[in-house]
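Q: The annotation domain 'Kazal-like' is assigned in TrEMBL to 147-202. Sequence annotations record features per position, and here TrEMBL assigns transmembrane segment to 31-49, 69-90, 102-123, 230-254, 275-297, 317-341.
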Amino acid sequence: MIHFRKHHTNLLHSFIPDFIPYLKALFHNRVYMLFICITVLQFSAFNGIMTFMPKYLEQQFGKSASDAIFSIGIYNLPVVCIGYFFGGLFMKKFKTNTFQAANIAFWISLSGYLLYFSTYWTICDASPVAGLTVSYEGREHVSYTENTLLAGCNNDCNCALKIWDPVCGDNGVTYVSPCLAGCKASTGTGKHMVFENCTCIAASGFSSQNVSAILGQCDKEENCDKMLHYYLILSLVCSFIFSLSATPGYMVLIRSLKPEEKSLGVGIHGLASRVFAGIPSPIYFGALIDTTCLKWGTKSCGGEGACRMYDIVTYRWLYLGLPALLRGVSYIPSVFILLILKKKLKSSESKVLMNPPHFKQDISWKKKNYSVNLGPIFVIN
C-alpha cells in the first residue's frame, strides 16, 4: 500500500511539470482557442434547437409530443449520420490542407445558415383562446391575468381560474374550461362528451348557429400539416449541411495541434463544449421560452405546473431567433481563423521560394560489374 502511494505521488509530480507547458501552449494557440469559441456557439444553437423542437412542433403545428419526437427521429437524426459520413469521405478523397478544410467548413456551414432563415416562413397561426389570445368579444390581444378569463357571460359561474381543461366551441374558439365557456349542461361521456347551453359562445362576436362545445382545443388551420412538412424538410436539409461541415471543421482542430498536444487539446475541447454549451444552453433557452407562457398549469399539490398555452408568435421568434444569433456570432471567429491560416499558408510558400529545392547526383546503381548513373533526384530541403 505504501509502495502504491509513493508510485502514485511520483506519477503526479512527474505529470504536473509536463501538463502546465502543454496547457500554456494550447491557450496561446490562436486557431485552437478560436475554434473552441466557434464550437461553443454552434453547439449551443444546435443543442437548443434539438432540445425544444418537440415542444415547438407541439405548440406551432398542433402535434402531440409523441408524434413530434417520432418526426424528429425520422427526419433529423439519420441525415446527421449521413452528413458526418460524407464529410469524412470528402476529406479523404481530396486530401485538402488545413486552409482548404477551413474554407470548405466555413462556406458549407454558411450556406446552411442562410437556408435556415427560410424556416421563418413555415408558420401556422394558433387557434384563438378566449381570455388568452382573444377577448370573449373576439378582439385579438395577447396578455394574461386571471381576471381576463372572466367575462359577463361566466362571471356568475364561480369558475376555478387555475384549471386547464380546454373545450372547443362551435364558433371555432377554444375556452380554458367548460365552466369559463359558460356551459350549463353536458351529454355523453369521456372523449365524446358535449357541453351545451354555453352562454359565452352565444354572447361572442363570432357567428355561430350552435352554443355547444366539445373536449379539447380547436384544430389549427387546414394548411398546418403542409407547413409542418415544409418545416421538417428544411430542418432535414439544414441538419445535413450542418453535419457535412463538421468533419472538415474537426480536421482544422486536429491539424492546429502538435502531435504531443492532440490528446490534451481534444479533451479540453470536449470539456469546453459540454460545460459552456451542453449544460447552460437548455437552461437559458428554457428560461426565455417560459417568458412567452400565457397560461400555467397547476400541480395536484397546488404548485405551478407546466405551461399550457404559449404566445406562439413570440415563442417562434425566440426559438428560431436565438440559434440564428448564436450561429451568426460564431462566423466572426471563423473569419479570423481563415485569415490566420491564410497568413500561415503564404508564409510557408514564401519560405519554399526563398529556399528552392536542389539536386543531388551522388546516387548510383551497380549491377553485373557495371554502374548506371540515375541522374538528378529531386530532394526538398
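In case you wondered, yes, glycine gets a Cβ from its N, Cα and C as well.
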Q: Short question: which residues 6 or more past the ends of the transmembrane segment (275-297) have a Cβ under 8 Å from it?
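A: Counting only partners 6 or more residues beyond its ends, the transmembrane segment (275-297) has Cβ contacts under 8 Å with 39-41, 43-45, 47-48, 51-52, 55, 129, 132-133, 142-144, 164, 176, 304-311, 314-315, 318-319, 322.
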Q: If contact means at least 3 Cβ pairs within less than 8 Å, sequence distance 6 or more, would you call the transmembrane segment (317-341) and the transmembrane segment (69-90) in contact?
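A: Counting Cβ pairs under 8 Å, fewer than 3, so no.
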Q: From the DSSP assignment alone, can you count helix, strand and coil residues within the domain 'Kazal-like' (147-202)?
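A: The breakdown for the domain 'Kazal-like' (147-202) reads 10 helix, 11 strand, 35 coil.
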Q: Could you please provide the mean pLDDT value for the domain 'Kazal-like' (147-202)?
A: 85
Q: So which of 31-49, 69-90, 230-254 is most in touch with the transmembrane segment (102-123), counting Cβ pairs under 8 Å?
A: 230-254
Q: Are there residues at least six beyond either end of the transmembrane segment (31-49) with Cβ under 8 Å to its Cβ atoms? List them, or say none.
A: 109, 242, 249, 252-253, 256-257, 265, 268-269, 272-273, 276-278, 280-282, 285, 319, 322-324, 326-327, 329-330, 333-334, 336-337, 340-341
